[in-house]
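Okay, so here's the structure we're looking at.
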Amino acid sequence: MPVINRIADFAAEMAEWRQDFHRHPELGFEERRTSDVVAAKLAEWGIEVHRGLATTGLVGVLRNGGSGRSIGLRADMDCLAMQEQSGVPHASTIPGRMHACGHDGHTATLLGAARYLAETRNFDGTVHFIFQPAEEGGGGGRVMVEEGLFERFPCDSVYGIHNAPDLPLGECSAVAGPIMAASDGIAITVRGVGGHAAKPHIAIDPVMVGAHILVALQAVVARRIDPLKSAVLSVTQFHAGSAGNVIPDTAELRGTVRTLLPEVRDQMERLIAQVAENTAAAHEAVAEVTYTRRYPPTVNHAAETDRAAEAAGRVLGGAKVHRDLPPVMGGEDFSFMLLKRPGAFLFMGQKGTDRGGVPVHHPHYDFNDDLLPIGASYFATLVEQELRRG
Ligand code: NI
């Protein structure tokens, strides 16, 4: 595959950067070391560095020529709070912290593109290299947008990538429209009346009511949502009680809701409250429902997805760029950037013959370093295509 030659030349160095990040994973908004390393490299290559966005986020600015055109390229930097079991030589040195989603690889990929573009400057306009903290639940992308990312660093369009262990190395997915789900939280407090477990008739048992709510909620997706419009409701926690012979006062249920379309998201929020409150009422208990909107769906813009697919096709060959793969129900806070600027988020395959196939968020996961020069070549090609000279 035609990885850019100059990028192939320093691919081994990119792997060293990536493995260094992997050894030193940092949680969201704590990526101080990572941010320092990124800032030092960008500065070394003559790229203007702006730090302190969303605490540990930073933006590199590279200008060339006189055109007013601009593009944003984004990578995420944070790790997950989990124990690595991969056994690789560059495994995490920090207990309970692991780059299990490949953000170490995304950061090294964008650094590789930055280095190449700073050396070659075969474009006319401004490139903004956006390194964001806290993708894994902290909403670092949202915080950067709220802190004025696109006002301070105007971008005509913005692009990001995620590695995909289920796609072969050398293939990618560039699909317009909703590609990842809205990721929301629900918390339900069931208030009953506690008492002696042998006298349930003078208590109102929140454990039994919570169980009814849990089962009733399963009917929301199954019976009320259009089967061609995706939704997931998973109740993942159910806490109540402290003794075998005491009916508690309250029970707590928590879970997650995933949807691809705004109208389905609205419908889920309304129906979950309705079912929980009325099921509780049927038993003379009260359910207090909190629905927390976390990440919106990630929706790729059609024209920019075509542009991204064209650039990816130049690197991988057009036949390796899939345009019709189904969306996934995971969440992604690049969604907040796509609400403000047109752009596209691509999945880049990393499954090789002997590595790269372990799913993300798994204790044996590792980013495949063979993807680094491919991803960097894609970003660089996209810049040279969108900010074409002359
Ligand atoms: Ni991720």
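Here the Cβ of each residue, glycine as well, is placed from N, Cα and C on the backbone.
Note that TrEMBL annotation is computational and uncurated.
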Per TrEMBL, member of H361, H362, H364 binding Mn(2+) alongside C101, H103, E136, H162:
H361
Taking ligand 1 as the reference and 6 angstroms as the Cβ limit (strictly under), which binding-site residues among C101, E136, H361 are close?
C101
Confidence summary (mean pLDDT) of the domain 'Peptidase M20 dimerisation' (185-282):
97
With an 8 Å cut-off on Cβ-Cβ distance and a minimum sequence separation of at least 6, pull the same-chain contacts of H162 (Mn(2+) binding site), or say none.
G102, H106, E332, F345, L346, F347, M348
In the three-state scheme derived from DSSP, which category covers H162 (Mn(2+) binding site)?
strand
Starting from the Cβ centroid of C101, H103, E136, H162, H361, the recorded Mn(2+) site, name every other residue in that chain with its Cβ within 8 Å, sequence order please.
D76, D78, L80, A100, G102, E135, V360
Reduce the DSSP letter at H103 (Mn(2+) binding site) to three states and note it down.
helix
State the count of C-beta atoms found within 10 angstroms of the C-beta of H103 (Mn(2+) binding site), not counting that atom itself.
30
